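A quick write-up on the structure given underneath.
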Amino acid sequence: MYKHIIGTFFLLSLFQPCAIAKELRVAVASNFHHALTLLSRQFEQETGIKVKLSSGASGLLYAQVVRGAPFDLFFSADVERPELLESQGLTTNRNTYVYGRIALWSPQSKAIVGQSFLTNFDQRLAIANPRLAPYGKAAEQTLAYLKLSTKFNSTLILGNNINQTFQFVDSGNVLAGFVAYSLLKNQSINNNYWLVPQTFHGPIAQQVVLLKASKHKKAAQALLEFILSASTQTKLQTMGYSSVNKAIALGAI
């Protein structure tokens with residue numbers, strides 16, 4: 001922790017004081033909102049820089065960035081949108097900051113939630129909209145991998161983002177759904193879910209871009225370095241993510 005603080009202040013010491021922003025505006029995918037809220041508080045304590053977050057589905061946030069929303073950083077839940085922004089010349093750099101996991105969750109189930117549960121499940125199933133949310137795309141790929149796409153074709157309930165999908169299931173309006181594992185960890189939920197093997201779907205690589213329109217690039221870069229630091233990546237593993245370093249070791253990149 002001490003080394004982390006020293007490293008952050010060393011990074012900031014390289015910048016002219018007048019160039020450091022007092023507040024950063026950051027767009028963040030729904031699944032990462034809670035984690036970034038906690039991490040931003042630590043970052044503010046260490047640097048004095050406040051971080052104002054705007055959360056939503058990656059596709060919707062991407063559209064806001066393209067329309068000129070004044071964000072400094074965009075933490076997407078996928079690779080596609082950051083790549084598009086880069087191809088449009090709207091970014092200065094692009095990095096993978098974490099890998100997501102999905103889980104099948106049925107809080108009211110008396111049966112063990114797993115692959116057999118899903119095969120026999122005959123009720124409505126909630127997933128995030130695959131066209132907007134990468135976690136929804138991973139859920140869709142999981143159903144295809146298990147050859148269950150046709151089974152659930154007419155009974156899928158689509159959330160605008162992964163947070164709304166979680167709420168569908170949490171409220172009991174839908175009895176089961178694919179949610180972000182990080183949201184279960186956030187709520188200290190330790191049962192009635194199945195952590196989907198990562199081989200059942202494509203990697204949920206989540207990338208961040210520093211936007212060229214940012215007026216606070218040095219402060220934004222400081223936050224980026226903070227998120228990618230070894231100590232923060234270790235902390236993210238306890239929040240339901242696979243760290244970038246661990247993913248490299250496993251050959252996921």
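Note: Cβ is positioned from N, Cα and C throughout, glycine not excepted.
Neighbour density for Ile162 (molybdate binding site): within 10 A of its CB lie 34 other CB atoms from the protein chains shown. Here TrEMBL flags Ser58, Ile162 as molybdate binding site.
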Hey, what's the Cβ neighbour count for Ser58 (molybdate binding site) at 10 Å?
30
